[in-house]
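Noted in Swiss-Prot for the protein shown:
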type    : residues               : note
BINDING : Cys16, Cys50, Cys82    : [4Fe-4S] cluster 1 binding site
BINDING : Cys151, Cys155, Cys158 : [4Fe-4S] cluster 2 binding site
DOMAIN  : 7-119                  : domain 'MTTase N-terminal'
DOMAIN  : 137-365                : domain 'Radical SAM core'
Amino acid sequence: MQIKENKQLCLISLGCSKNLVDSEVMLGKLYNYTLTNDTKSADVILINTCGFIESAKQESIQTILNAAKDKKKGAILIASGCLSERYKDEIKELIPEVDIFTGVGDYDKIDIMIAKKQNQFSEQVFLSEHYNARIITGSSVHAYVKISEGCNQKCSFCAIPSFKGKLQSRELDSILKEAENLALKGYTDMTFIAQDSSSFLYDKGQKDGLIQLISAIDKQQALKSARILYLYPSSTTLELISTIESSPIFQNYFDMPIQHISDSMLKKMRRNSSQAHHLKLLDAMKQVKESFIRSTIIVGHPEENEGEFEELSAFLDEFRFDRLNIFAFSAEENTHAYSLEKVPKKIINARIKALNKIALKHQNNSFKALLNKPIKALVENKEGEYFYKARDLRWAPEVDGEILINDSELATPLKPGHYTIMPSAFKDNILLAKVLSPF
């Protein structure tokens, strides 16, 4: 029997879903604490930070300072994760309010650090395995599964390899065991994640690692649905797209950050790819029946000229991505682009405004295309007093949209799980739908 300590833990997980997996591992080590969202009453405040770009760093620092102001006498404030790792040599002096610092190598030792009240920074980046206990958050039917850490790409703008290291793939058997264990607990929808998912097993000399994973998950038959995030263009192939299309479990969801479409900009960004390769992959994705395509764009990278931007703008309007994230270039230390001559902020802001207008138009059309059609969806939980929260099975959690189901139209309460639903109305990035049947 697990005995709860009479102590409260407030965990704040910032940044990406990969960070969330590490946060859930820490929760697994601290299972004997009572969870709270109140930083003022918590005995331990644990902030898993993000250090990817300037805005994320500022959010992490502000969250730490707010927690330091709120924490009660005797409470322990911990800063873990990417920000701590990236600035480990100076962060202790910059933010003395923190009691314990740790980076990206010791999530599974958080209980020991708290007991000893000491910092810890291991050289090896931590990679969650099937035997690491996790407390899944946010859903009783969906879980993230991290398949690798680190990245071997050399993008001009990205600092991730400097603090996450080179590509480190999990063994396929470990991933299958984790998927099976989670499915037995009711988590039958999964999102597989990494910094560069399409390079899975490249570090072990295998170029078809992700194809192997998809085939093995299909054969295992433990899951009902899954999707993959963060495909990298240079390691994505037509065979991979075809494998996803033919899978009975993996959805026709293609999340491939292209960052730009101009050949000259792709070269400046050191993306190790070309416009022709991008177009070949994107066209193949669009040919897949009921495909959903998401991407990410960086605006204002050093030396981006007006012609290159216009080429990008015209392409985005023509291709019509279902979802598009648009970021302003962030100058990051230890990157090639850091010291290059910058595009003025005024120009960057104007370009972002223009692209956001294009992205919103096509996003709304993507939502509206689902109206009055039966779609497969995952119902996750109650949203307020009157609605259940759901999402299209092709969507990733949190980022791609929300579907609400009015409980007044139901004969009996819904259990979280897989349903066929019919969206009937759309407003403010939310679809309203009714349930047709479970599946």
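The backbone N, Cα and C atoms fix where each Cβ goes, glycine too.
Note that this is a predicted model, so its numbers are computed, not measured.
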Residue pair Cys50 ([4Fe-4S] cluster 1 binding site), Cys158 ([4Fe-4S] cluster 2 binding site) - Cα distance, angstrom, rounded: 14
Residue pair Cys155 ([4Fe-4S] cluster 2 binding site), Cys16 ([4Fe-4S] cluster 1 binding site) - Cα distance, angstrom, rounded: 19
Env. residues of [4Fe-4S] cluster 1 site, Cβ within 8 Å of mean position of Cys16, Cys50, Cys82 Cβ: Leu14, Gly15, Lys18, Asn19, Thr49, Gly51, Phe52, Ala56, Gly81, Leu83
Extra residues within 8 Å (Cβ to Cβ centroid of Cys151, Cys155, Cys158), [4Fe-4S] cluster 2: Gln153, Lys154, Phe157, Ala159, Ile160, Pro161, Gln195, Asp196
Cys82, Cys155, Cys158 as binding-site residues, winner by CB count within 10 A: Cys82
Binding-site residues compared (Cys16, Cys50) - the one with the fewest other Cβ atoms within 10 Å: Cys16
Nonlocal residues around Cys151 ([4Fe-4S] cluster 2 binding site), in sequence order (Cβ under 8 Å, 6 or more apart): Cys158, Ile160, Pro161, Lys164, Lys166, Leu167, Gln195, Asp196, Ser199
